[in-house]
Ligand code: NA
Ligand code: NA
């Protein structure tokens with residue numbers, strides 16, 4: 001391995017710095033490699049690798065769960081969940097901020113995308129928080145941080161991606177995500193409580209909601225709350241595969257929105273398709289390009305060399321996981337979570353299994369770590385989405401972000417050290 | 001192909017396998033690579049990559065046809081697009097015993113097919129025994145009527161769906177990576193594979209019975225680029241030809257021993273084996289050519305004549 | 001959240017790629033949903049759904065990518081470029097757009113090479129030649145090459161720099177993205 005082996009990586013970061021779109025940078029670095037360094041392969045194979053990414057049934061879950069998330073908003077399902085969250089948590093200190101976090105956890109059972117969650121809640125909750133006297137940048141940060149919960153609670157696109165690359169079953173990744181997702185929720189709610197106490201953010205209603213009020217709202221939200229159970233049951237009893245679950249969720253949301261809540265109208269159809277298409281294409285283009293780029297890594301034997309190096313230097317599972325976390329947090333500053341999963345899993349997983357780490361536990365550590373990547377600058381998709389919709393300056397975002405970053409990393413460390421949090425449910429139910 | 005920044009000698013060929021490096025056949029393929037290197041007297045180097053590391057099989061076959069220096073793991077159905085008749089080698093109940101594979105491959109008939117795919121850039125390096133496929137399911141199958149209503153998992157290709165039709169039952173297509181989940185959760189009631197695969201994929205954890213349908217005496221093949229072959233020095237070409245042709249006989253006893261070993265392992269794991277009235281499937285199997293109008297007429301008769 | 005703006009030639013031109021992408025997205029969604037229901041109620045799915053879904057997926061993504069490129073909505077790292085002095089930004093942006101033009105043109109050519117050879121290989125059940133699938137990246141990269149030149153001209157005139165300078169994208173009113 002020589003400097004030549006790493007020239008595409010150097011080129012890649014130069015293109016990033018020149019503000020070339022991430023997906024296009026990945027393709028150009030790959031093209032440089034197969035055009036100049038390794039000319040033994042037919043060059044069009046690179047395009048073929050990229051297109052072939054979409055010929056995989058599990059990847060179809062991405063457009064389906066993205067579309068389902070969009071339909072939930074138009075169908076009035078999200079609104080009803082928010083009302084429920086507000087009733088349950090609004091009386092706490094920093095009530096609306098707590099509602100923001102809780103809603104992400106509730107949406108976690110429906111939606112698989114942190115980006116969709118961040119976009120929707122910035123529109124829905126941030127203006128409400130600002131009206132109640134919360135700092136706008138703080139509100140934006142809470143939204144971006146809590147959107148990390150959504151993809152970890154099943155269904156989650158990042159869990160599907162990992163299952164695909166690591167060749168473990170999607171169902172066990174889904175099961176494994178439940179408790180870690182709840183842990184993230186708890187840690188973020190504690191953080192919100194501490195900050196709200198300091199700044200004196202008031203509850204949004206004075207008293208705890210009565211059981212009767214909660215029961216009434218539960219009744220109104222029951223159609224939304226049923227969906228996660230429906231998905232898990234459908235998977236458990238073999239009615240559909242995880243990919244098809246996404247398609248079923250779309251149909252269900254349309255049914256509830258049009259027939260039960262009567263909020264979904266024909267005129268929404270265009271916007272729903274448009275949003276689904278745009279969100280899917282943005283993510284898939286990066287993933288396809290990352291797949292092409294990873295063939296360069298393979299041809300140069302970089303994953304193997306990297307694994308060998310790690311195996312020689314590290315023998316203890318916990319130390320290995322800590323090193324991996326530091327490495328991934330660094331990589332997460334620059335890469336989008338899904339593409340980082342595709343690039344890093346083949347490098348790290350063989351070492352992990354060899355020193356006795358369960359691939360499912362390892363997947364949760366990677367997924368949580370790289371979801372946090374979407375929260376941090378300079379490349380963070382949830383950060384981009386929330387600050388551009390709420391029109392918040394990056395400096396203000398960063399100033400409010402660090403306590404949440406510490407909280408998320410603390411949760412990540414807990415998940416790293418205690419495999420049981422991830423492994424309990426898959427062991428019991430699968 | 002010319003190189004801009006890097007020269008290459010000896011020529012490096014990368015073998016892209018479907019199986020993982022834990023699979024019992026992985027060291028066998030490494031041995032195959034070593035045999036080629038030795039015979040080539042320093043003109044060739046072979047590296048073996050597991051689990052489709054370099055790309056998916058179908059994509060890599062296309063890349064091979066365009067001149068990629070890859071040795072691609074495959075089976076005769078993958079050549080269907082280039083010469084439809086090749087798929088017949090994987091038709092249920094046509095090839096009867098492992099020895100038939102070598103006989104067929106070295107016949108004038110198949111050599112003719114080989115020349116046709118060579119013209120399209122693909123060269124067959126070797127063909128050898130992969131294993132005999134049986135049915136894992138949640139009920140004992142003794143004759144074809146027993147599979148009625150049974151959801152049998154298959155890969156989504158034309159020939160695998162044909163295998164599903166001959167077995168009877170309901171064809172259920174899932175990707176290989178989703179097969180375990182499909183079996184354990186009841187999307188599929190059964191799946192068919194050689195015993196070693198049923199073991200290494202852990203599918204056996206999901207169903208109690210293995211019916212020895214023996215519906216497919218399966219072939220595995222390694223393909224390479226004709227263009228790459230043409231550009232090689234003579235010593236390398238000769239090495240590839242002799243080792244490739246000779247390998248059919250080397251691999252066959254290894255696989256048969258492996259099948260015995262895995263039958264033992266599966267019985268130890270508590271699976272129940274039962275024999276099958278194979279003749280009850282023959283009528284359905286005889287209809288296969290009707291579903292492949294693109295095959296040369298009289299193909300089955302010719303193949304039966306060759307393998308006697 | 002409304003979508004009642006009348007369809008004029010102008011709005012259609014603004015979102016031409018998205019109409020194509022949306023159509024293929026619907027096809028993809030429809031076939032997979034149909035398959036689940038057929039399998040559940042009639043105990044037999046359609047064998048070609050996967051293939052049709054892949055074709056829809058590929059065309060949908062590549063069509064929408066062209067639109068995202070045109071409207072500069074693809075994700076990029078903005079922070080480093082913004083630190084450079086404006087004159088340097090201007091110079092670099094010209095260089096970057098020219099490079100992008102070349103790169104996209106080359107990707108378009110490679111996609112064409114791939115597509116042209118794609119009549120041999122067909123999808124397993126429907127036997128659709130891969131030509132029709134690989135046409136999607138060809139069209140998309142071709143459009144992206146053209147848009148690179150448009151960006152170049154616009155940057156020279158209007159003083160917006162870089163491949164992904166912020167400018168309002170034209171999503172529907174009330175869109176949550
Ligand atoms: Na939230
Ligand atoms: Na989720």
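Backbone N, Cα and C atoms are what each Cβ position is placed from, and that goes for glycine too.
Keep in mind that TrEMBL annotations are predicted by a computer and have not been checked by a curator.
TrEMBL tags one of the stretches A:97-116, A:117-136 as transmembrane segment, and that stretch is A:97-116. Remote same-chain partners of the transmembrane segment (A:97-116), defined as residues 6 or more beyond its termini with a Cβ less than 8 Å from a stretch Cβ, comprise 61-62, 65-66, 68-70, 72, 77-78, 81-82, 84-86, 88-90, 125, 129, 134, 138-139, 142-143, 145-160, 181-182, 185, 188-189, 192-193, 195-196, 201, 204, 224-225, 227-228, 231, 246, 249, 279, 283, 337, 371, 374, 381-382, 385.
For the transmembrane segment (A:137-165), the partner stretch with the highest count of Cβ pairs under 8 angstroms, out of A:6-36, A:57-77, A:217-239, A:245-264, is A:57-77. Of the two recorded stretches, the transmembrane segment (A:171-196) does not lie close to the transmembrane segment (A:6-36), with fewer than three CB pairs under 8 Å once pairs fewer than 6 apart in sequence are set aside.
Counting Cβ pairs under 8 Å to the transmembrane segment (A:317-335), the stretch among A:245-264, A:276-297, A:363-390 with the most such contacts is A:363-390. Within its own chain, the transmembrane segment (A:276-297) is flanked in space by residues 8, 12, 22-24, 26-27, 29-30, 33-34, 38, 45-47, 49-54, 59, 62-63, 66-67, 70, 113, 115-116, 157, 161, 303, 336, 338-340, 342-343, 346-347, which lie at least six positions past its ends and keep a Cβ under 8 Å from the stretch.
Below 8 angstroms of C-beta separation, residues 72, 77-78, 80-81, 83-84, 87, 109-110, 154-155, 171, 174, 209, 245, 248-249, 252-253, 256, 260-261, 429 of the same chain, each at least six residues beyond the ends of the transmembrane segment (A:217-239), sit close to that stretch.
Same-chain residues lying 6 or more positions outside the transmembrane segment (A:6-36) and placing a CB less than 8 Å from one of its CB atoms are 43, 45-46, 50, 285-286, 288-290, 292-293, 295-296, 299-300, 334-336, 339, 379. Ranked by the number of CB pairs under 8 Å to the transmembrane segment (A:363-390), the listed stretches A:57-77, A:245-264, A:340-357, A:402-425 are led by A:402-425. Confidence in the domain 'TRAP C4-dicarboxylate transport system permease DctM subunit' (A:9-421), given as mean pLDDT, stands at 88.
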